């Protein structure tokens, strides 16, 4: 199996596609909290989902005070305890708290130490390589039984469009970055395509368990866990269930030690209980505000605001701004069923950002009615007293009516004939300042 495709399937296939290479430089300086473009759950929530569906995980409790953490550690009555700060960002183990405590993951055999550490975690910000400099506030900790791992493997279930369905991806080398394994030892990556109608076959689960290196009774146990993980994957409308490590203990137990679950946002209507667990406290406030009006907002570090319909067009708009020497301040996707009120709210969000020095509207009207966009723009400009340059490029449904609305508005709106023209004018409007 070629290394690159496997690596992509293992970790990147279902990542948000909002950023192409030209945007990576800006992406590293995104002005937001923990980057999220899909529903993610905290570690303890994912483990509870797995446990409730028969998947073997370590025993744990969740605490939101130091006293609760201490009592949880006592109730576990374990030989060793692991205390984990619960935030959505990675790199917790090497993070630093605003309290001065180093590390968001700690091992101890003493319940009293758990209480002492929790005092320095809960209510304080934890900064990691994936958080803003100031870090993210920790509201909860997970107090879990620390199990010895005699062997670590990797297992993931992905919804792979190229295979028209779910795919099992596994490797006997777990506990490490799967991309590294795929690049250095591609022969250690194994893949099983699953017919979504027939479901996972016993033979597929057994073969994957064997490829992961489980032997004897452990092989049957691993195969059973794989099938339960697949059933969970379908039941909760996941797009990815990644277990790393998927390991075995010296006592002969197959355990899912850590898991990441991504969900299909389109399934929210039938997964209400799961989506109700979404922790929005780590989002940028403006992103939460945008979601109230069905707007998809991603903050970037530039000064040209982008107001676009459709993720693909938004990517192209950000790219062409870069190519013309500018930097996008955001990625704002209006979507399909547009109302004037949405346009107004979008402008309200954009103009509230002090970084924004110009706004570029780029709309291709298929389902979207350009006239509605134009009316929303003129209303927003008047009521919000727009003070930054506005460049508008419209194409598609009712575009001539829309252009007349803008032209006759008497507002200082710069029209553009195409995307290239729009980007050049937006960049030029900022450069003049």
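Cβ from N, Cα, C; glycine included.
Now, the feature entries from Swiss-Prot:
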type	residues	note
BINDING	58, 91, 92, 93, 147	GTP binding site
BINDING	244, 258	Mg(2+) binding site
BINDING	309, 366, 367, 368	substrate binding site
DOMAIN	47-275	domain 'ATP-grasp'
MOD_RES	74	N6-acetyllysine
MOD_RES	79	N6-succinyllysine
MOD_RES	133	N6-acetyllysine
MOD_RES	140	N6-acetyllysine
MOD_RES	162	phosphoserine
MOD_RES	228	N6-acetyllysine
MOD_RES	272	N6-acetyllysine
MOD_RES	292	N6-acetyllysine
MOD_RES	339	N6-succinyllysine
MOD_RES	348	N6-acetyllysine
MOD_RES	387	N6-acetyllysine
MOD_RES	424	N6-acetyllysine
SITE	80	site 'Important for substrate specificity'
SITE	148	site 'Important for substrate specificity'
TRANSIT	1-38	transit peptide
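This view paints the features noted in Swiss-Prot onto the structure.
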residue: 58; record: GTP binding site; contacts (Cβ under 8 Å, 6+ apart): 47, 144, 145, 146, 147, 255, 257
residue: 80; record: site 'Important for substrate specificity'; contacts (Cβ under 8 Å, 6+ apart): 107, 108, 109, 145, 146
residue: 92; record: GTP binding site; contacts (Cβ under 8 Å, 6+ apart): 84, 85, 103, 104, 105, 126, 128
residue: 258; record: Mg(2+) binding site; contacts (Cβ under 8 Å, 6+ apart): 43, 243, 244, 245
residue: 339; record: N6-succinyllysine; contacts (Cβ under 8 Å, 6+ apart): 372, 376
residue: 348; record: N6-acetyllysine; contacts (Cβ under 8 Å, 6+ apart): 380, 384
residue: 424; record: N6-acetyllysine; contacts (Cβ under 8 Å, 6+ apart): 324
Completion exercise
Rounded to a whole number of Å, the separation of the Cα atoms of residue 367 (substrate binding site) and residue 228 (N6-acetyllysine) comes to 41
Exercise for the section: Between residue 140 (N6-acetyllysine) and residue 93 (GTP binding site), find the distance joining the two CA atoms and give it rounded to the nearest Å. Expected result: 16
Completion exercise
Counting Cβ atoms within 10 Å of each Cβ, the densest environment among the modified residues 74, 133, 140, 387 belongs to 140
Completion exercise
In this structure, the one of the recorded positions 162, 244, 309 whose CB has the fewest other CB atoms within 10 Å is 162
Handout entry: residue 74 (N6-acetyllysine) and residue 309 (substrate binding site), distance between Cα atoms, whole Å
Key = 54
Fill in the blank from the handout: Spacing of the two Cα atoms, residue 79 (N6-succinyllysine) and residue 368 (substrate binding site), in whole angstrom, works out to 61
Exercise for the section: Report the same-chain neighbours of residue 93 (GTP binding site): residues 6+ apart in sequence with Cβ closer than 8 Å to its Cβ, ordered by sequence. Expected result: 103, 104, 105
Handout entry: Which same-chain residues, if any, lie at least 6 apart from residue 91 (GTP binding site) yet have Cβ under 8 Å of it
Key = 128, 129, 130
Exercise for the section: Taking the residues 309, 366, 367, 368, which the record names as binding substrate, find the longest CA to CA distance and state it in Å to the nearest whole number. Expected result: 10
Practice task
Find, for the listed binding-site residues 147, 367, 368, the residue with the lowest Cβ contact count at a 10 Å cut-off, counting only other Cβ atoms.
Solution key: 367
Exercise for the section: State the three-class DSSP label for residue 366 (substrate binding site), counting H, G and I as helix, E and B as strand, and everything else as coil. Expected result: coil
